[in-house]
Amino acid sequence: MILIIDNYDSFAYNLVQYVGEFDDVTVRRNDAIDVEGIHELDPDGIVVSPGPGTPAEAGVSIDVFAETEYPALGVCLGHQALCAAHGTPVGHAPSVVHGKPSEVRHDGTRLYDGVDDPFEVGRYHSLAVKASELPDTLSETAHTNDEQGIVMGVQHAEKPHIGVQFHPESILTDAGKQIVENFCTGIAKA
């Protein structure tokens, strides 16, 4: 079973549909569960959804990455929560991007198995992290293929925690379903 933390965003239910093709799904709002409740559910993996606001305003989202060892995928706000959980400043992106495609390069790690490099992604965000501010515990796995090189993916060095700034569940993202499948059937089941 995959637990989806819903950060009060309609995109969460696109993720529910994708994840539901590969595993059973349980959804909890970010303020309706705590770490103890997560342990009681004992999921195979956790997806922390996109949402409005900042990681500090996203209920249990930061705690998923700071206080659990479950395989976890953070999407957009979830990605920012992963970064914030490990001390990375989350600030304004160089430009606000909502509903726009971008070309992204990735490093070929497990999340990107079967995904072309580069590939198109759908972006919907005004916040971002800088590669130069990532701690040693997080490594960049994807970035925009342009002069800005905005961080689009990170992975924890020891925990099975991964973040993507883009939206794999967006129709604008090539191979988005493949990315979700890679998490559900590979990373969460490892």
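A Cβ is built for glycine as well, from the same backbone N, Cα and C atoms used for every other residue.
Residues Gly51, Pro52, Gly53, Ser126, Leu127 are recorded by Swiss-Prot as L-glutamine binders, and the candidate that the same record lists for that site, out of Gln80, Gln155, is Gln80. Excluding Gly51, Pro52, Gly53, Gln80, Ser126, Leu127 themselves, the residues of that chain whose CB lies within 8 A of the CB mean position for the L-glutamine site are, in sequence, Pro50, Thr54, Pro55, Glu57, Ala58, Cys76, Leu77, His125.
Secondary structure at Gln80 (L-glutamine binding site), as computed by DSSP, is helix. The record assigns Gly51, Pro52, Gly53, Gln80, Ser126, Leu127 to the L-glutamine binding site, and the maximum Cα to Cα distance across that set is 12 Å. Proximity of Pro52 (L-glutamine binding site) to non-local residues of its own chain (separation of 6 or more, Cβ distance below 8 Å) is seen for Asn7, Tyr8, Asp9, Leu77, given in sequence order. Cα proximity to His167 (active site) (within 10 Å) is found for the following recorded positions from Gly51, Gly53, Cys76, Gln80, Ser126, Leu127: Cys76. Cβ neighbours within 10 Å of His167 (active site), excluding its own Cβ and spanning all shown chains: 24.
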